[in-house]
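Trainee: What TrEMBL shows for this protein is this:
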DOMAIN    58-490  domain 'Major facilitator superfamily (MFS) profile'
TRANSMEM  60-84  transmembrane segment
TRANSMEM  133-150  transmembrane segment
TRANSMEM  156-177  transmembrane segment
TRANSMEM  189-207  transmembrane segment
TRANSMEM  302-325  transmembrane segment
TRANSMEM  340-362  transmembrane segment
TRANSMEM  369-388  transmembrane segment
TRANSMEM  400-424  transmembrane segment
TRANSMEM  436-458  transmembrane segment
TRANSMEM  464-485  transmembrane segment
Amino acid sequence: MSVERDEEYLKFVPHTMSYHVVPGAEFQCKLGNHHNSRKLSTIDEQDYDVANRRGMINQILATCAVLLLSAGCGMPIGFSAVLLPQLMDGNSTEIPIDVETGSWIASVHSLATPFGSLMSGPLADYLGRRKTLLVSVLPLFFGWSTLAMAKSIKIVIFARFLCGFATGILGGPGQVYIAETAEPNLRSLLIGAPYVAYSCGILLVYSLGSMMYWRSVAWCANILPLLAVVSIYCIPETPAWLLRNGYEKRALQALTFLRGSEISAQKEANEMKQRLSRERATTKTNENIFQLCCQRVAIKPLVIVIVFSLLQMFSGTFIVIFYAIDIVSEFGADFDTKQAAIWSAAVRVVCCMVFCAVLIFVRRRRIMVISGIGSGAFCLALSAYMYARMGEPKMSYDVLVAGCCILGYIVFNTALMVMPGIMIGELFPARIRGRTAGGVFASMNVALFIFAKVFPALQAFLKIRGVFLVFGISSFLLTIFMCLFQPETKGRSLDHIEDYFNGDNWLWFRRDRGYKTVKLQPLQPLKAQNPGADA
């Protein structure tokens, strides 16, 4: 080991302790003054590998606890596609509805989500990310239970509102929790996992709805939130929140659990404390959240995430989920529309899983460019085909062409559905990450509510061919915007990304080239070498 690397490693540990390398010796931690003498010790590579694997497993387990709740909150997103056809069935007179009422049932979930998102930011900063996740279970449980017992349309809408409120509380803290607990190299895989869970929840509710009455589906939907309570209770709070709120001992314990090694945890804790001290030294005590958001380090990621989210909605990501059965039935084919919706949800689940694996190997910008071009191309192809066939008698191959285009759209568009949550977890600076995430999720869902509410009227005016034309154009606009403004975040620490936004550049191609060349390497074990070799 070189002297420079040895000293670089030592600067992360307290001055009263020193760590040294000696061939064949057990790792020891000795009290003393490292300016006077160097104690001899080593980190056994096998022990390091065991600790590293243990830390990775613990990070994955902590993420899985969040994913149970994410899947539970994904179920109400897709529930309208189950509920509306059963209530509109001519043979059902229990709670009869019309098209206008149905649009309220579908969209009220998105209307309620912003209220939960606005509350989630202050709750995540005051209670912590973990406790906020537990709080979100309460309205979700009461929403499903109320929906299962509803006797009027007003109660149905109120119950949907509660479920949407719970989803809003979960969104921001869930992404922030994963971003703040995962190591940079593992974060690429884990931070996209909530959208796999959302998709699994949608698939689950579609599957249950094809076999069961909607009241039974509502009762079954309470199982996942209850399991999530038990799981989240067993995981630690994020070290970043604990350090910012003065819980240094608990932060070190949480880091030790998440990294598998007390040495790695102590190193990372010291880095976080140093950065927090520098941040507090440059922050005015009377600055509020609005002043903080107007700073350069915050305003640039805010613009990127908000514009991306709006273009993503107009590309049809969530509209296809809300109105899956209605859209499929537009093609007038003699097939089971419920089964078609289930298969579309299954494809989305598989695509989300593949996408999370791809995040490990492929850069974020490249993924977004390919996804935007692919989803836009399939939308324009479907729209062009339907315009060409306008006024012609329906043929058997119409369904085949439409099915292939929709399938291709779902495959490519899945990445666009996942990216806003990843961007929220990665781009925002630490000092405002919790509150900003909630506010951005709120604004996203206000726009989504408006779009979902007017979609039936838009579909009646433009027809399905015009709707997919809008989806395609929006996908291409999104691709252009991301090429210009989105920075590459794969393999970068959250602190490194924050430093990028502190720069003067807005456009990606005008960035400091040093940002492109810096690559994070995982912490390597200290190899036993002869101390005299460095002399």
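Cβ coordinates come from backbone N, Cα and C, glycine included.
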Trainee: Look at every Cβ pair spanning the transmembrane segment (60-84) and the transmembrane segment (436-458), keep those 6 or more apart in sequence, and say whether at least 3 of them are under 8 Å.
Mentor: no
Trainee: Need a quick answer: max count of Cβ pairs under 8 Å to the transmembrane segment (156-177), which of 189-207, 340-362, 369-388, 400-424 is it?
Mentor: 400-424
Trainee: Any chance the transmembrane segment (400-424) and the transmembrane segment (133-150) are in contact, meaning at least three CB pairs closer than 8 A with a sequence separation of 6+?
Mentor: no
